[in-house]
Amino acid sequence: MSFSTDPGRTQLSPTRMKKLPILALLLWLCALFYVAIFLFVSGFLLVRLEVNRTSTCGDVLLPGGREHGDFCQGQPRFRRAVLLIIDALKIDFARFDPANKEPRPFENKLPVLEEMTSSKPSHARLFPFRADPPTTTMQRIKGFTTGSLPTFIDMGNNFASSAILEDNLVHQLGEVGKRVVFMGDDTWESLFPKKFHRSLPFPSFNVKDLHTVDNGILQHLYNTMVGDDWDVLLAHFLGVDHCGHRFGPDHPAMAEKLTQMDEVIRSVVDRLQDDTLLVVMGDHGMTDTGDHGGESQRETDAAIFLYSPSPLFPEPSSQSDPEVVPQTDLVPTLALLLGIPIPYSSVGQVLLPLFPAHRHTAGAPAGLSQAEALWINAKQVNRFLETYSSMAKDIPPDSLSRLQADFSRLSSEYLSMVNEGRLPSPELVASLQRYLTSVRDTCRATWARFNPAKMAAGIAVLACACVLCYVLSEMSSALVREPRLLRAPLLTAAAVGVCVVAGQLVVQGYAEGSWCLAAAALSSEVLVLWRTRQTRKSNAAEGRGWLTLPDFFMTPAFLVLLLRCASLLSDSYVIAEGRVVTFLLFSLSLYIPFRLNWDGFLVPPVHDPLKHAGLLPSPGLSPSAVRRESAAVLAGLGLLVASLYLSLSFHGCREEQGSCQPSPFLWPLSRVQDSRVKNLHYVLSLASLGAWSYTLRRWLRHYGNLNSPGVAVFTARWILPLLSVCLGLHWAVAATPDDSFRNLAELIALGQRALPMAAFALLGLGLALLSLDPLTVFIKTRAAAPVRSSASPPPPRYRASTGISPQAELHHLIPQLYQRMRRSLEEGEPARVPEGEGRPAVEAYGLGTVYSAPLVLLVGLLGLGLLLLHPEGMALSFLLMMLEMGAMLQIHASSVTLNNQQGARLDGFAVSWTPLVLWSLASTQFFHATGHLPTFPSIQWAAAFVGFPGGHTGTMLPATLVTLNTFASHILFAVACPLLLFWPLVCEVRGGRGGRGGGEDGDDNAIMEMRLREVPQQFSSALLQLSIRYLFISGAQVFASVCAAAILRRHLMVWKVFAPKLMFEASGFLVSSVFVLVGVTLVMRVDVAVGRWFQRLLPDVSR
């Protein structure tokens, strides 16, 4: 709909903004990217093939010298075993240094281990216990119960643990009738359902709870040990791990936890019997910040302590003892010590120091010798290797042949020695060890079973989706004019998908959904590209072109995007991504004023008096306006550079960055021990929070969007500040140490639950009200002079102002249908109303920012909600993010004004590529500036418990909260993306001699965002083009990450750098695309509300 300054031309346009076609097209493009990501990931991150076979007692046959029979019927070395699993027991925590007189909180807190190993060397030893990544609890439990190597994608199951189907220690213990009693981390209950003789699980996911699980174990542990209804006792303590997540290892709370564990170990040792084995171990380590999940040595190196009241180690400690014990080696070792078969899929190696060199060595404990244990182990591993290689073809044939030849040679040599009655030689023992090590290394190197076909299909669909985004963005006008352009290709694609399903059912008997999606996606892409080619030919025949490749591919914006994508193929650049993106963002932002100056737009043109004035084109801006806009560009650039520089203070550190020190703002205030520093950080956070709310309200007030009695204005006036107050109070309560204000402990606990929940409720209410009625326009009616004519009066005339005061109105007067009304305000004289124009004049406050105001308010609300999920110190980073957004918007608006000095814009309202590339780079830059990294250990798990200190019953809600925390910057920049379309109109300059954006008026009034309603097709086209271009830029980066993972899938750093980067890049795209749709939907909701508003004001014209 449109209206003009001439009363006689005040009418509603017959055309409207194309809403459903735009949303449908964007949803289809997003679906293409989703399908492509799914296809590639399903081919790249496949879980290794699980061999669902189990070992039996009859499989363990000892050749020669012993009667063949059931291995499980023999007398085991140990009748009972106690496994104390101290989650995140890092090897540094277990070591004791008597020379360290000033130990840190995590040092020298487990002296019992040193006392036992030094006083009873044949009974106890301590080893580093190395885990295979990923170092998350569920995968580690799988590792040291099955003896297998969990793959990368299993990390996602840490939220929703599924039952272990492979053969494992718990299953084998149950098969031979041993009673397994478990207590502790409830993850075990989901991994081994109905496998325990007795189970006492406790909730484990609340990382802020240091004591519930541990205290629950201690209530039952000692009573269970003195009883006789158990054979194997499993106790999984979580306090050390949760303390690391909450406070880090270098905190007094860690000293308390480790001291408690020291007392637990002493108490357990006192209750052990001679036929009982004690294993104290950690499942993984932790970083200096208390996190884990990756593959740095700090995360992989845990501790394992072995002890028995009876002699456990036949030989004294020597250099032949292993420096590090792989976690997989625990499985065959425990199996043979307890007299059960080694689980079928284990690739571990028995721990030789626990077995005597020869069975009949004087003083050696009863049981297997080293050669016998290695033989049983090697035969089990070879059996698994043969079975696995027959089912999966991913092990290289040459490696498989070599391993099979080695086993045949070793088997013949061992059998001949046994049959001849000779003792196995040390060389044979060493050869068996080397064979087992080779099998494990081979499996580790080839465990990821890639599916090249799915990977190629994913890359193809993703590449076509990127090409389509570019092509469709260049023909957005044609898409708006012809909304049915995509109907036939989409219907055809659906038919192709159905045909593929039918074909699979006929040929295979089942349908695989991934190939159906691939066929449908590729066919729809090819058909749409063909249709666009036809459209291009018809446009060329009519003399209209729409696809101009050099417009983008020959610009600095494309060069910067290309460099950004190329950097994703280098592990060094991925590791330093935060600074790389900051540099690219800074470089591209500098290009804008340099280009303006090169084109002569940054300074006013110099008038040549020698030339006749009529021969020169009339400039679009006055010299003062040019100087003002140039100053705005330079000021915005200065603010942008300052924000970039300060944001570097909030970056985290990767393990590969050596000397890097993480920002102190990343620590929650509860971890800060210095009260002065804590108070300073809290005051700074409160100041940043206040500045965030004040800036938003100040902008809305400046443009007259706080005058309406509507619910959107109510949200801005009341909900926004109340939400800020809740955040400030929540930070104060959360920063209170646990050991202070003990008499107020219940009140503090209530505040930790109630304040975040109140903030969530306010946020939900604000978002609901904003979606219900997003208008922030205030109507004011004034009576004009009486009318003498009896003729039918014309429709009312409107103008929109920004404030109640006349001075404020004069700054932002927009669609002003009565010129005399403004003149009366400016000169203080009553307007002379011509005859027949005596209808009341209507003033609409805030109409000039009717689209951008709800978006700004939405960004403000979402920003506060996302800030709630971050540490308090991130408040300043969020404020810098908002300032950087404003700086980029101002640079963009002023550069548009300066670039169009010579008159109306030729490209309508289209947003060029440069600001969009800047916008996308800024979202990635602030991903790092909010303390995040594309690594799993950097995930801020504490976000899952904001408002839920007692934990969760399900996994969906905590996973959602962690996702919102991780991709906060992607969310804010994506939902605010339409502001790039509106901001040049918001900042329209008065005093120019030409309109902007195709307006027909020749007056000097800036009508701001109402220009969009005058040309709804251009509005629809610009909004569609903006969204598609943003998807293209984000999708191109996903495509680069996909190519890096595919090309470098055998690279040394693939699982440490490229695979995590792919997961974060793909997840970031999914989140960004969803919130781009949210922003576009809000714009359309506002447009519908504005249309209804005009219909109420102009009932006669509406009809």
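The backbone N, Cα and C atoms fix where each Cβ goes, and this holds for glycine too.
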Open item on the list: Checking feature assignment: transmembrane segment per TrEMBL, candidates 515-534, 575-594. Which range matches?
Closed with: 575-594
Open item on the list: So if I exclude everything within five residues of the ends of the transmembrane segment (631-648), which remaining residues of that chain have a CB under 8 angstroms from its CBs? That is, six or more out.
Closed with: 578-579, 582, 585-586, 589-590, 592-593, 596, 602, 876-877, 880-881, 883-884, 886-888, 890-891, 893-895, 898, 925-926, 929, 987
Task: In contact by Cβ distance (the transmembrane segment (875-898), the transmembrane segment (20-47); 3 or more pairs under 8 Å) - done: no
- [ ] Mind pulling out the one from 575-594, 849-869, 875-898, 967-986, 1068-1086 with the most Cβ pairs under 8 angstroms to the transmembrane segment (551-569)?
- [x] 575-594
TODO: Please check if the transmembrane segment (910-928) comes into contact with the transmembrane segment (575-594), where contact means 3 or more CB pairs closer than 8 Å and the residues in each pair are separated by 6 or more positions.
DONE: yes
Task: For the transmembrane segment (575-594), sequence-distant contacts whose Cβ falls under 8 Å of one of its Cβ atoms, 6 or more beyond its ends - done: 556-557, 560, 563-564, 567, 602, 633-634, 637, 640-641, 644, 647-648, 651, 654, 656-657, 888, 891, 895, 914, 917-918, 921-922, 924-925, 928-929, 933-934, 1057, 1061
